[in-house]
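Quick notes on the structure that follows.
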Amino acid sequence: MLKYFRRISKMGKDNGELKEYQPLLKDFQEPAQQIKVPSKSLLLAVCAAGIGGTFQYGYNISIINAPTKAVQNFINQTWTERYNTEISTQVLTLLWSTIVSIFTLGGLVGASVGGTLAIRFGRKGTLLFNNTFALLAALFMGLSYPSSTFELLIIGRFLTGVNAGIGICVQPLYIGEIAPRALRGAMAMGTSIFITGGILTGQVIGLNELLGKEEYWPILLSTICIPAVMQLLILPWFPESPRYLLIDRGDDVACNKALMWFHGPDKYHGEKEDMERERVSAIGIKPKKPWELFTDTSLRWQLLTLFVIHTSQQLNGINAIYFYADYVFTQAGIPADKIPYATVGTGACECITALTCGLLIESLGRRALIIGGYSLMSVCCVCFTIALTFQESSPWVPYLSMICVFAFILSFGLGPGGVTNILTTELFTQTNRPAAYMIGGSINWIAFFFIGMIFPFIVNGLKQYCFLVFLVICCLVATYIFFVVPETKNKTFLEIQSEFYSKKKLIAANGTEGPLLSTPM
């Protein structure tokens, strides 16, 4: 029906006829062009998916910082009671490092199975099931103190990692698949908004005025059950991903119901047409496993892009900025007992930037934001290196360092922090996307672990000049994206795939393996 009216519209424009039908034809324009803001149903769905998804990732990264000394005292006390001797500094450091870093190992496990679970149980079903790990983790960590068993902290942190790994893999899948094409970028920013919101919430909850006191640390670590319970209560009221229902399950009736629920009975036809085209192209093709993507030569550039953007998200220097933040704040004259509040300021800065990116991404596009973000981060690396080098030469230099800290965080939030997960959704079609998220998530967690292991050595060896390493990384990534990655704004997944494929054919025809030509921003 919609195609028939489009054909009439084209005839009317060509022949100057059918003017009396123009008011009627306007009602059959692409729904994606009419939608200016997400519907209330879509916004609520993003919140329901995010509160138990990537919010947990940010929250668990953040809350472990506040009880550092309290947990170490607990380990020392438990060790003394068991073995009638104080624990050595080396063993204590090893145990604490294990508690902190095993979160990364759990995240890698979660990312490795998240795509498979999303195919088997659905996006919504996997998010609901994922809360089991958070509830068990909260139970184990809450019982560690009364049972005098610090090993439960290790188990609990591993389970929180699994929960975060699955959440950061499946939540962007769900949001990206329910979003209308014209608002896919803005809605997918919910992933970053909830990560930064989780970091900020953890920083606030960890203040001494709330749960940051030494005696409250078991309660603090157990609060991860709250987002899990909230999602279990809220998310069941929302439909499954319409793309999953149509393309993976072949359930046309359930897909139509979900589309009408998300977009309304009058605005879902355009989205359904896009899904139908993708379904037709995927007939006879089963969802691929991660290793099958590597053998598909048509996905070579998408996979390379996936590797570049996810690796650089961890290796771009954002971790170094947070490492140096306390030193910079101290040098600027902020009292030691007030530094946690300044740290909360950095979390608020990143959260506000994610919100800002969500407002800009559909007008500026993905390329402009991520290239601009990495370019600004490169400038900040240079300025921060100079400021740290001459930190004590003048009383105003520490304030320049503070400006660099916040400017770097703003640049990260506007660019790679917000756009990376959106590109992962958009560069792959339905049958490839879960495997792509498994690969991207695994790369992210491995890079996270890698930077955690080598970063202390980089800082000890290069001091403030470590930012020159991050400068090179940021410049290289910005250059790669400029030459290789096309603009994906307001394009269907098939159009994006076709653009990569046509460029690959162009390279093959020219007999060169040079860079892809970029499309306009």
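Using N, Cα and C of the backbone, Cβ positions are placed for all residues, glycine too.
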Annotated transmembrane segment segment (source TrEMBL; candidates 94-119, 328-353): 94-119
Annotated range (TrEMBL: transmembrane segment) out of 186-205, 306-325: 186-205
Best-contacting stretch, by C-beta pairs under 8 Å, relative to the transmembrane segment (435-459) and drawn from 42-59, 152-174, 217-238, 368-390: 152-174
Tertiary contacts of the transmembrane segment (42-59), as residues 6+ beyond its ends and Cβ separation under 8 Å: 107, 124, 127, 130-131, 134, 160, 163-164, 167-168, 170-172, 174-175, 178-180, 183, 187, 190-202, 224, 227-228, 230-232, 234-235, 237-238, 262-263
Annotated stretches the transmembrane segment (465-485) and the transmembrane segment (368-390) touching (3 or more Cβ pairs under 8 Å): yes
